[in-house]
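As recorded in Swiss-Prot, the features of this protein are as follows:
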type	residues	note
ACT_SITE	His111	active site, proton acceptor
BINDING	12-31, 93-96, 178-180, 204-206, Ala222	NAD(+) binding site
BINDING	Tyr56, Arg59	substrate binding site
BINDING	Cys119, Cys138	Zn(2+) binding site
DOMAIN	1-234	domain 'Deacetylase sirtuin-type'
Amino acid sequence: MTKQVRIVVLTGAGISAESGIRTFRATDGLWENHPVDEVATPEGFARNPKLVQRFYNERRKQLFSDQIAPNAAHFALAELEKKLGDNLLIVTQNVDNLHERAGSKNLIHMHGELLKVRCVKSGKIYDWQGDIGEHDKCLCCTPTQILRPHIVWFGEMPLEMEKIQTALSECDYFISIGTSGNVYPAAGFVREALFYGAHTVELNLEPSQVRSSFDECHYGKATELVPHYLAQFL
């Protein structure tokens, strides 16, 4: 393969599951035993900000556990970026930092990041590694405003969609890794890439909801599938 091949990779919870990151269980609508509308919607935050902050504080702490680390799939993507540079774009639905820890740099967190918070009024974003408490305020506003997790909740617009759609229109390969295919707009990316002529590939533990839109599908563990498939580009 030449260095000029352009690849967009979409990653979902499946790539981080083997690293020990707990995932949202869509089948029963629970996220770590919390109803989604309580902890992952703007309305839930308005009703009970303490509960929401506590929920994300616990998820943030999880990232610093000795048991959480990038796996072979994350490292394979980072290695491919060394060769392709800006011709590889990773778009992740995950809010963890495992891609960064593996070495990936050309990366879009379309659903936000656990290690960032933002002001509810100005939208100013801050790096944040500890807990968010009720006394933590954004000092950029007068009067001071509360901080919220820099997470895209249900009902909110994903981040950097214009950049993502441009990349989908220009890529030669679209590779989806560890995604369910039931969360939009990400589930529609494969059809966009197909429309513009990309070769589409699904690497998943099991078939996704949009498997029929892929030119090529391979099923198994991400830690095995991803390094093996990406080797052809190295």
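Here the Cβ of each residue, glycine as well, is placed from N, Cα and C on the backbone.
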Compare the C-alpha of Leu205 (NAD(+) binding site) with the C-alpha of each of the recorded positions Tyr56, His111, Cys138, and give the closest one.
His111
Provide, as an integer number of angstrom, the distance between the C-alpha atoms of Cys119 (Zn(2+) binding site) and Gly20 (NAD(+) binding site).
30
Min neighbour Cβ count (10 Å) across binding-site residues Cys119, Cys138, Leu205 flags Leu205
Sorry to bug you, but what's the C-alpha spacing from Cys138 (Zn(2+) binding site) to Gly178 (NAD(+) binding site), rounded to the closest Å?
35
Closest by Cα to Gly20 (NAD(+) binding site), out of the recorded positions Tyr56, Arg59, His111, Cys138, is Arg59
Enumerate same-chain residues with a sequence separation of six or more from Tyr56 (substrate binding site) and a Cβ-Cβ distance below 8 A; give 'none' if the list is empty.
Val39, Leu114, Ile132, Pro149, Ile151
Comparing the Cα of the residue listed as 'active site, proton acceptor' with the Cα atoms of the binding-site residues Gly12, Ser16, Arg59, Gln93, the shortest distance belongs to Gln93
